[in-house]
Amino acid sequence: MGKGRALSEGVIKKILLSYTYVAIRIFLSFTVIVYNKYILDKKLYNWPYPITLTMIHMAFCSSLAIILIKLFKIVDPVSMSRDTYLRSVVPIGALYSLSLWLSNSAYIYLSVSFIQMLKALMPVAVYSIGVLLKKEAFKSRTMTNMLSISFGVAVAAYGEAKFDVWGVVLQLGAVAFEATRLVLIQILLTSKGINLNPITSLYYVAPCCFVFLSVPWIFVELPVLREASSVRFDFVVFGTNSVCAFALNLAVFLLVGKTSALTMNVAGVVKDWLLIAFSWSVIKDTVTPLNLFGYGLAFLGVGYYNHCKLQALKAKDAQKKVQASDEEAGKLLDVRESERNETKD
């Protein structure tokens, strides 16, 4: 009885700890998105310089990552040659910088709620690019689901009260670059046995992003910043914003192995709906019934896609366990056979 109670208490404690980590991640992700919107929106903080903001994040995150790895040695750097870095990490850094630049720029033109709805196209982009790069197999059922997600987002866009074409182009571009980055991570890194956690990712990718972003910054934002007399740099605002961005990456690192992929997917859904509710109730963005209906359709499609992916991963893991068990049994039979032969001799 005592053991059962202790076991129950241990399981409950583990569940509570797991969901505490998830809640922290939701809170930090929510905070970073809302904070970026606050800084960039012309009606709020009115600091419409997305490249500069992204470069501040990259400089801060890369500096902290270097300190954590080199000074405190929290994680070990990945063994990587210069050629591997140039061929694998640099392209991913370029795509990441473009994705961050465009997604932050979209906050100037679109509401937080509508941006979250457009982000529902991420599985569509990842699957389509995966098929084009022969990383995913084409399946008519999956493609039908992708079309249903796209239809849902199209309905949400049709119902958007403050539709801005340029803002939509920026956000769709961000989705496309981010999806390509995710597929290339599998092709250029994971397939070569290189696994980067969020800390080592910042260590290798953030400085690369900073360099790439500096090119458009020199031509696009630097001349404007020089001419603008009202530009102010608040160390408290940008410092806390950068801390939140780094803390989000650190939370992802701490969550690895602490919870399941299903829990993380559910957490992502909860965060999206919370942002839509916050955008409508606090920021006072207009959310129409057609918005919600379209996003609801897309949400069902994304949920089904995630369910199928999780089932496929479970089947793959089960197959690996069976193969490992068969190999172990085969080795045991070989040992017994050799022992019999030795006894006969």
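The backbone N, Cα and C atoms fix where each Cβ goes, and this holds for glycine too.
Pulled from TrEMBL, these are the features on record:
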| type | residues | note |
| --- | --- | --- |
| TRANSMEM | 15-35 | transmembrane segment |
| DOMAIN | 26-306 | domain 'Sugar phosphate transporter' |
| TRANSMEM | 47-72 | transmembrane segment |
| TRANSMEM | 84-102 | transmembrane segment |
| TRANSMEM | 108-130 | transmembrane segment |
| TRANSMEM | 165-189 | transmembrane segment |
| TRANSMEM | 201-220 | transmembrane segment |
| TRANSMEM | 235-255 | transmembrane segment |
| TRANSMEM | 262-283 | transmembrane segment |
| TRANSMEM | 289-306 | transmembrane segment |
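Below 8 A, the CB atoms of the transmembrane segment (47-72) and the transmembrane segment (235-255) form 3+ pairs separated by six or more positions in the chain. Taking every listed stretch (15-35, 108-130, 165-189, 235-255, 289-306) in turn, the largest tally of C-beta pairs under 8 A with the transmembrane segment (201-220) is reached by 235-255. Below 8 angstroms of C-beta separation, residues 50-51, 54, 57-58, 170-171, 173-174, 177-178, 180-181, 184-185, 188-189, 192, 194, 204-205, 208-209, 212-213, 216 of the same chain, each at least six residues beyond the ends of the transmembrane segment (84-102), sit close to that stretch. Summarising model confidence by region, the domain 'Sugar phosphate transporter' (26-306) averages a pLDDT of 89.
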